[in-house]
Amino acid sequence: MEDGEPDTEKKDESVDDPNTSDSSGLIDRGRTTVGRYCSMEAWKNRLPILSWAPSYKPTYIFYDVLSGVITAFTEIPQALAYAAIAGLSYEYGLYTGVLSSIIYGVMGSCKDVSIGPNVLVSLLIANFSILHLGDFIRHDPKFVVLLTFCSGIIQIILAVTRLGAVSSFISSSVSIGFANAAAIIIIIKQMKYLLGLTFHASSVFDEIGLIIGNLGDTNLWDVIIGLMSLILLILLTKVASDVKRWQDNRETADLSPWQTSCLRILWTVSLARIILVVYTATLVVWILHEQGHDGYVGIVGNVTAGIRIEVPDITDLKAFQAISVAIIVVPLMPFVLDYSVAKKYGRMGSYKVEDNQEFLALGFCNLLGSFVSSFPVTASSVRSSIMHQAKVKTGLSSIITGGILFLALLFFTPMMEFMPLAALSAVVFVSVYPYIRLRAFRMIWKVNKVDLIPALATFICSLLVDVVYGIVIGIAVDLVILLLPIARPHFTMTITYSGKNQVTAANPFVAPAYVIQVESSVKYPAGDFLAEYLYDMTMTPDYVRPIILDFTHVSRLDITAVEYLGQALQDFHKVGSRLIFVNIQPLVYVQLTSADLEHMILAANTEEAMDIINEDVAEG
């Protein structure tokens, strides 16, 4: 033996050692996973800015700046109005828009989406710790900020663990019921601002009663400003849709230079419709103020300047108790709203929107936004439409929006205090109108009547109780409907005879077999149901008829179902009858044979099962 051989043999032994091999494989897999997670491609997926920034073209600047500026000045009146709907001071709407816009510009996967305050989400969070201050119902902001913080944490966890599919438990039926109820509630709540009324209401029905009871105190100036603003916004929204249609057909249309110029002017006016209406009304009120004519129109009033940086209080158990129900809904519903808008514009722009990335971006918008007193955010359909029509090119537009909102908080708040409440209510009406889809209930009725149950449950409970509880109840009803076929599977029962053993006068005691075909997989609630169904059959006096269980459509069992089937086999053995399984799929065959059930008979098909039954009859 040469001197080097022992060392070589030891080296070979270490290579062949399974423990060493397993540890090496684990290390290699770990390195591969870490490398894939930290690769540039992975970071580009998590931070889309790394994809579009290096390839940014100078021709994009005009469209990104235009869409960013128009979106920012559109968001200011929306943010003020939505903060009031949420029961917070006006500046909280601006807090919500600043950081979320910047973060989404960096992390969002849809360039056309404007993330920030949303009218429906504002209503979702409007029921925490009510405080009556001044002319409005205010809420303790710390509860809402904590809800934003927790929502962000949950959304990030769901995104990182790729469990974002949990949001699919909010079905279209529930979303339709919630959106319609929320839109109706918001419109009713905004009516008092349109009429110039001031009162406190505890519910939507109380709101209706107080509006009717106070009609005599209607402020004519508020009505004029509100109705004029609403009419102009509706007309300009119609112009925006017409302009988009003309632009889509511009290649086929033969337009003169004059017509092209008019089209561009209409395009600009339609994009800035909220800006033109609200800021014109604000200018009129400011001029009246300068001339000493105050008090004619209800205005926003003081808006606190500057941005508020504060760590959310996670030590207050009372705050967690206040948001306990909302924490189930608020992390999921905004994502459903955001993803539906993002998918729409992604398809229109022929680019892919990543659902998991949207969840991650939304989570960071909420988590980091909570440190500047933001309330939960999602996509705005109105602002996203404006960005799309402005031909936005990249996420730089959202970053510009966030920067302008930050400057507005620092320098422009004195201008905001003269914004008429009636004009803001008109903005809310136009923003919430697309969510009213009463015809969708009729469509649900035509497509699947059962889906109308969770839709109506959500709608009615949202109106009568609260929108958060309405969504929770709607989801619960939806899950019951979803799980009911699993817990109570459909059985198809037929009777079969053997050709050799027909019931005749000479042979009157031949018992035909029941063939029971189970229409779905058998999990634990269905196993109990099936076993009880079979047990009830064996309790019939002098029961002897064999049962053939056809498992053609059963692809999987669980341990509870197998145990229940074992009990059924014992029940049939006690009464001297047979329970035979036929048409068993491979996985189910492995599960049944592994359980080693007593008295179990497996057959390839119904004919083979009947042969077994006939042999028993012949032996008997």
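Cβ atoms here come from the backbone N, Cα and C positions, even for glycine.
Because TrEMBL annotations are produced automatically, they should be read as predictions rather than curated entries.
The shown structure was predicted, so the numbers you read here are calculated from the model rather than taken from an experiment.
Of the given residue ranges 169-188, 529-548, TrEMBL assigns the label transmembrane segment to 169-188. When TrEMBL is compared with the stretches 46-66, 67-87, 193-213, the one noted as transmembrane segment is 193-213. The stretches the transmembrane segment (456-484) and the transmembrane segment (143-163) do not meet in space: the count of Cβ pairs below 8 angstroms, excluding pairs fewer than 6 apart in sequence, stays at fewer than three.
The stretch in 92-109, 143-163, 418-436 that contributes the largest number of Cβ pairs under 8 Å to the transmembrane segment (265-288) is 418-436. Only sequence-distant pairs (6 or more apart) were considered; of these, fewer than three Cβ pairs between the transmembrane segment (193-213) and the transmembrane segment (143-163) are under 8 A, so the stretches are not in contact. Sequence-distant contacts of the transmembrane segment (219-240) (same chain, at least 6 residues past either end, Cβ-Cβ under 8 Å): 193-197, 266, 269-271, 273-274, 276-278, 281, 284, 296-298, 385, 389, 420-423, 425-427, 429-430. Within the same chain, the transmembrane segment (92-109) packs against the transmembrane segment (394-411): three or more Cβ pairs sit under 8 Å, each pair at least 6 residues apart. Confidence across the domain 'STAS' (515-620), taken as the mean pLDDT and rounded to a whole number, stands at 88.
Beyond its flanks by at least six residues, the transmembrane segment (319-339) meets 113, 115, 118, 120-121, 124-125, 128-129, 142-143, 146-147, 150-151, 154-155, 158, 164, 166-167, 169-170, 175, 178, 313, 353, 355, 358-359, 362, 376-379, 468-469, 471-472 of its own chain at Cβ-Cβ distances under 8 Å. Packing against the transmembrane segment (169-188) from elsewhere in the chain are residues 85, 119-120, 123-124, 204, 207-208, 211, 332-333, 336, 428-429, 432-433, 435-438, 440-441, 444, 451-452, 454-460, 462-463, 467, 470-471, 474-475, 478-479: each is 6 or more residues past its ends and has a CB under 8 Å from a CB in it.
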